[in-house]
Amino acid sequence: MNLYIYNTLSRKKERFVPLNCKSVKMYVCGPTVYDIPHIGNARSVVVYDLLYRVLSFLYDRQNITYVRNITDIDDKIINRAKELKINIFKLTHETTIKFHEDMSYLGCWNPTIEPKATDNIDVMINIITSLIQTGNAYSTDDGHVYFAVKTFQDYNLLSRRTFDSMMLNSSESSEQQKSYFADFVLWKPANADNEDIDAVFDSPWGKGRPGWHIECSAMSYKFLGENFDIHGGGADLIFPHHTNEIAQSRCAFPKSRHASYWVHNGFLTVKGEKMSKSLNNFVTVRDLQKQNINGAAVRLMFLSTHYRKPLDFNDKSLNDAKNIINYLYDTIDSVNVTVQQQDNTKAEFKGNAFTVEFINALLDDLNSPKAIVCLLNIAKQIRRQNQSEYKLALTQALLYASNLLGILHNYQFIKDSNDVKDNSNVIPHEIDLLIAKRIQAKQDKDWNLADQIRSQLLSNGISLTDKADGTTSWKVIK
């Protein structure tokens with residue numbers, strides 16, 4: 001079985017061949033934690049969670065190193081902390097917890113490693129120092145350090161933009177002490193506006209903080225090395241962020257290629273416009289949670305359009321996804337088999353005639369819309385089949401395939417919703433939020449809080465089961 005993935009670097013679909021045939025290294029640009037995520041942000045996380053699942057299917061999860069960073073120092077963060085009059089680290093810590101809660105609601109696996117930018121300032125300083133020594137970067141009298149783009153001849157390799165077109169669209173201030181308009185910042189000096197909110201760090205160039213682009217170069221290098229397999233992110237990151245990452249990393253490590261495959265997902269739009277907070281046309285993940293919408297339905301809505309295409313968010317697309325989830329869950333219930341009862345192995349699944357088309361769809365550049373059609377075809381066969389043994393085999397295939405798409409994490413949501421409402425003071429989306437908060441507490445080694453949450457849910461008739469993969473399932477105690 002071979003995975004084919006579209007590589008933005010080559011502008012074509014390529015067979016995925018990892019650097020190490022037995023393991024895979026993947027880096028994905030994570031959130032800037034100044035505010036809770038909207039569903040456009042969430043779509044990107046779900047896309048790379050699906051890729052993580054497919055890679056785990058092919059190579060086994062323990063052989064995948066998936067790094068997704070947390071940007072916890074940035075202009076937006078500084079401005080929001082000032083606006084709220086709180087410590088910058090309090091803001092980023094609380095927002096990171098909310099991000100984890102929202103992604104848990106959508107059934108996303110935790111990455112293998114989730115480094116924070118502020119924990120890796122030393123690595124960034126070392127890389128910047130190296131770039132200055134090789135002549136690829138320079139410092140200015142006002143304390144800035146810039147990367148000199150003209151020193152890297154392949155600067156436009158990923159974006160394929162010309163410097164002339166970049167100049168036409170440039171919004172850089174002419175007052176900055178840059179040698180060339182396209183040079184980008186590696187280090188920013190501290191100023192009176194940000195020194196009081198802990199947004200500054202010591203460096204050879206004075207107090208300040210790193211530029212955004214150097215953060216990802218440093219963290220991908222620290223946790224994956226000079227060369228790794230896949231780098232992912234939204235299409236809006238192709239330029240300048242990923243373009244600048246390549247320049248920094250290849251110059252800092254001249255013998256490296258950096259990432260072999262560059263993968264980018266399309267925007268989520270509203271009436272044809274990109275969803276963004278600046279346009280005030282956004283819907284947060286929590287807005288949907290408050291409507292008691294199954295997170296699996298939101299996830300399925302994201303996957304109903306190919307990851308590289310724009311996805312327009314509207315009531316119809318969400319309702320269609322909700323109906324499909326209900327149809328699939330009702331089909332599973334009709335066979336009287338539970339998710340926990342499935343015992344088919346990966347080997348059996350790979351050779352299962354019912355799922356060959358499903359797998360081939362996902363291996364073809366993550367063609368999730370086609371994979372969903374395959375799921376529905378399996379469900380239709382289950383409903384038409386009378387032979388119990390054949391029906392059970394089909395259902396087990398449906399369970400495995402649905403789990404690979406990541407839409408079974410809220411299976412009990414539909415099954416137990418009425419019981420929860422009748423027997424508990426906690427509603428389903430609140431259960432998911434509390435579970436995510438408990439997982440974060442365990443990661444923070446706050447065992448008292450983790451135990452308190454378990455006890456709180458238990459007192460409301462909800463039993464938790466911690467699984468070996470780090471996730472937690474729940475059920476109603478009847």
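Cβ atoms are placed via backbone N, Cα and C, with glycine included.
Feature annotation from Swiss-Prot assigns Zn(2+) binding site to Cys29, Cys216, His241, Glu245. Feature annotation from Swiss-Prot assigns ATP binding site to Lys277. The annotation motif ''HIGH' region' is assigned in Swiss-Prot to 31-41. Positions annotated as motif ''KMSKS' region' by Swiss-Prot: 274-278.
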Fewest-neighbour residue among binding-site residues, criterion Cβ within 10 Å, set Cys29, Cys216:
Cys29
So what's the mean pLDDT when you look at the motif ''HIGH' region' (31-41)?
96
Of all the binding-site residues here, His241, Lys277, which one's CB has the most other CB atoms within 10 A?
His241
Taking the Cβ of Glu245 (Zn(2+) binding site) as centre, how many other Cβ atoms lie within 10 Å?
26
Given Cys29 (Zn(2+) binding site) and Lys277 (ATP binding site), what distance in Å do their CA atoms have, once rounded to a whole number?
19
What does the structure give for the C-alpha distance between Lys277 (ATP binding site) and His241 (Zn(2+) binding site)? Integer Å is fine.
19
If the Zn(2+) site is taken as the center of the Cβ atoms of Cys29, Cys216, His241, Glu245, which further residues of that chain fall within 8 Å of it by their Cβ?
Trp212, His213, Glu215, Ser217, His231, Gly233, Leu237, His242, Asn244
Cys216 (Zn(2+) binding site) - helix vs strand vs coil (DSSP):
helix
